[in-house]
Amino acid sequence: MVKNTIEESVATGRRKQAVSSVRLRPGTGKIDVNGKAFEEYFPLEIQRVTILSPLMKVLGTTNECDLIIRINGGGIQGQVIATRLGLARALLKKNVDSKQELKSHGFLTRDPRKKERKKYGHKKARKSFQFSKR
């Protein structure tokens, strides 16, 4: 196995069914998501700001490193939060001193909530069938 000479860090983030792998390496600020441009994959500004918030808090800029992101499963919002967690973990691997700052903003917390399973005798997880007295 050949070792990379470029100093990069890889981390994984998860949220619900979404799994995101983030590769952080020194560069010019290019962001690639599943082979597409960052703005093309995440068209809303709020999504892009949410994803890049750990980078802005630690480095203060997005132009110092390149990101290669691979996402599988889940919906758009789950993918956004999974990617943010992956980016925060990658930053932590690269810069251990930033742990307190990342933790105080809640970027290192994995949201444990998942979809509750459907129960038999019910329409959904908690919703019952209509009750008829007679």
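Numbering starts at 1 and runs along the chain as displayed.
Using the three backbone atoms N, Cα and C, a Cβ is placed for every residue, glycine included.
Here is what Swiss-Prot says about this protein:
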COMPBIAS  98-114  compositional bias 'Basic and acidic residues'
COMPBIAS  115-134  compositional bias 'Basic residues'
REGION    98-134  region 'Disordered'
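Residue counts for the compositional bias 'Basic residues' (115-134) under DSSP (helix as H, G, I; strand as E, B; rest coil) come to 0 helix, 2 strand, 18 coil.
Taken residue by residue, the compositional bias 'Basic and acidic residues' (98-114) breaks down under DSSP into 7 helix, 0 strand, 10 coil.
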